[in-house]
């Protein structure tokens, strides 16, 4: 009805606009008579707008009498032809109009507006009830509404229009931001979930119209709210929607502060909506209690569509409420086929009264996800029920923090194992926090092992208190389980069993994700390193399927670098989690080095590691060179701390890391040659060293057998020569195989010409042609469609051609686009994969061929050795190897230490059969590990240092020698368990010295001591051992028995007189070898003569009578230099081992400038003089009885040494060993020939001196002065040389004294020995003259016995004239 034909005058219309608002469009205006009390009527004007009706007075100025929204209408009754009664929520309005047509017009307008605002809904449904007499009138209206073309719905089903209408109905302000968010964000995401958190910033009242619109909206099917407290008004509106909407399917109100009354009202709302489509209900985190859930349960049984997803976790349920719920679920026949997700976690369900829940689970059902975590329900009872009802579909089973009711002495219920062995779909099993004894754990693992239906199972056994019993079960089962791809055994107290467990885990070929965190917290340092080494071997295994490793929250500190150093060359791990280990900036530095060469890692998690700005900068520098890492979450804990101390550097480094990660997501750059160079550097260098060693041995045999007759020998020689040529050519095997067929696939200047590139280029041209044709056809189709839709416009002349011509430029694609996509993106991906496969094949072929060469060379070596044995000749010494190694040494220095000589001998004595493909692979794996940085030596951990204190000062077995120090595995490593035992396997062997009769010299020396000392064997001369008590260290001793046994072979060939002379030296006093603080950076080096090695590996003895050279005393810096202590031989170690009880240690956490020092206690001069006088008397007595010859052979003469006072009040002893420059023992060839007999004598002397001797007392000074604090070394490993392992910390109060090796003194020397005041220089030279040969052996022992816990020691030495030379008597 237009305004011109309206019955309402224009003046009144203007007045009405002034009342209701001029912005509101008036659609219908009718004069009506409003019936009031009885038959009384009043003239009014009915004004209809798009969503509201107004009743105003019919006079000017008009006045608003009544208004109502169309949504308030509860019913319309038209019983009389011109009467219309409108019922609303507040009142009932009866109006009389001029004609029935006016009534129909009003109703038609209201229905049309409702249909336009709420498309998809019938106006009759919105108005609840429409009654018209006769009924044909309503039918005609319905036909009118249906015939009207419904305009296209707006975004999200026209939500914005509905929201505006609802705001008008409820009287709330219309928020344009709500309309924008829905029309833009929700439309873009194409989501059907209305999330109240998106509008949580608004007032709670503003949420009411948003929710109310869902009653009519047909787009949204899910209403969700999480962690948002909902007011009462909002809850009421939600209940209204539930009770009226048949479109809402999912209701998620998690942690919304709802109580029992809401659950009861929700049950009532469901009861009022028989057509409800609700099938997902999530009320987790709301204390609904048993009453509320019981009310809901009744309606769950009546839901027309059944329940698919039910989450009632943390709703304060008890077993009573769960049983009620289970009964209702069982009562609904649809539930068995519809319910797929059931979550009752977080409710206390302990006890046995859960029969209804077990019965429900035992019925055949379709549950896929079952969560009963943290309920304390019976694990075995649940599995028994699942066995009967949930085998077919159950995929996710979360039973963490439940209780296994198995008791000791009783068998595990068979149903427990049967469930895991019979399940058809299990993918994730979570039993974390459930205390599992070995029996149920074994049943679980065996059940999974024998289930061939399951694949890719994730098993979470974290915090199950498995401990040793569980570890043993895992060791016995895990290797054979084929269907576990993810295993979490963190926080299980497996510290003592991890070493063995990891070995068994490495045998499993299905585990791709492994979590071991929180199992190292209570682990001793001596047990930690073997575990990490085994873990490194596991991830380095070529066949290892492991892709993800987690060591989170293990508090490994710097020990985690053992794992990090293995990441650089690792090719299997794609994700590593080392967070919570406190590795510090040094760990970040090592991680940075690994990331620079790693091309496999995609995710690294490294928070909670005490990283500062410097560590972040190191990682940023490394990320610049890494193009493959994609995900490295910002370490929030460390970053927040670093930002407080150094914000600029930290922010800059973090920004760079994020930029490089973004670059890695966008770029396809792959350093193809980097992986090849890494493979070449590791494999080729390691393999070639092994081939070179065996080639040297074969070449020695070739040289010796070249002139021998015999066809067989000559044929073997020719075969060996051919093998040697192959071995030489194998050096270039990998490069030639990798580059075969031309250059690499991609160079620095881009792609090189190759068949693949040519094919891609031709393909690009073909694709471009096809694309152009498709685009032209598309343009033609568009223009045709436009002509069909707008034919009148398109009839104009030339418009079609103009449109096609104008669109041609816009629809074309640059010709280089397809080519760039194919060549620079897809092509690079293809070539990268080809390069990766090519390197894999080349490495495989090279490895197999080298294995064959090694095997052939080994057989050839054995054949040539057999020819020697048949000819009755001794095998020549492989001096060529030593000469070759010696020629390489002068690059660094021109002399070889005793330690290095022993190492050369050890390599010589390796049997050729040890050089096998297996040992080669071990060497390669060791080479792939980055050595531990020397920087760690500067750090000291007192707890770790104390763990290295030996209980017995005895020799560990020889085969374990240097297992930790050597990186290349020439000899297969022993099980790490043996390294934990501090007991020697020959401990109970009888001591040799107790079976021998003392010689005359020994008896003479023994007569001097007191009778008490003779009886108990524990007390010697009064002054013996005083200084050693305060100066000598007690350290862990490595085995040297192999050398003493070799020395014994010389004893068997010597005469009886020589035997007696050696025995006399065994009973004499010992010379305490004192060392000075040398200024040299390396320990003293001893030149050795070349002798044929003993079959038992005896150490070559140095010549006694070789030239002496004074060495410069050195001042050790606390940060860079090391002090080497001279140790006692094995014989004395064994005799003294049981007397030594404790070893004291001191903390070295102070600054390096205040270095700790070992020193000799400064004693009073009177006591020294008395001790010296007594010693001289004993020496004179011995000389008279034994004669000059015996005296010259006896080592009972006292030796004096000068001491240098240290800062701490102790004395630092000086030592001036001779340093001959010729490695064969003499400076000239003439001297070399003359020294040979003396060299033999020296060898025999050393052999005899290393035999066991009886223990001697160690007396303490009555009033000792304060000793300098001992130096405690700081870190287990060095980076310079694997052999330079310093001493372990020891007590200054216990000393082990070595027997003395001296040359025969001259008369002047003997006179000098009795002199009361020797000069300092003569004194030091005497020590040097008599002890340098002994020191060579002792120095090597010192090297082998040094603990892995030691680091550099440093101290200040006084070079000023304040140094005071003291006299001491050492016996």
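For all residues, glycine too, the Cβ spot is worked out from N, Cα and C.
Looking up 6, 960, 967, 1067 in Swiss-Prot, the residue bearing an annotation of phosphoserine is 1067.
Taking 1043, 1150, 1245, 1360 one by one, Swiss-Prot attaches phosphoserine to 1360. For the ranges 685-709, 710-734, 735-759, the feature annotated in Swiss-Prot as coiled coil maps to 710-734. 1228 is the residue among 1228, 1251 that Swiss-Prot labels phosphothreonine. Per Swiss-Prot, the residue from the list 245, 490, 572, 1331 bearing the note phosphoserine is 1331. Considering 926, 1196, 1280, the record held by Swiss-Prot lists 1280, annotated as phosphoserine.
Per Swiss-Prot, the residue from the list 318, 1094, 1197, 1254 bearing the note phosphoserine is 1094. Counting residues 6+ beyond its ends, the repeat 'LRR 1' (245-269) has Cβ neighbours under 8 Å at 193, 214-215, 217-218, 220-230, 235, 238-239, 275-289, 291-293, 295-296, 298-299, 309, 311 in the same chain. Taken together, the residues of the repeat 'LRR 7' (481-506) have an average pLDDT of 94.
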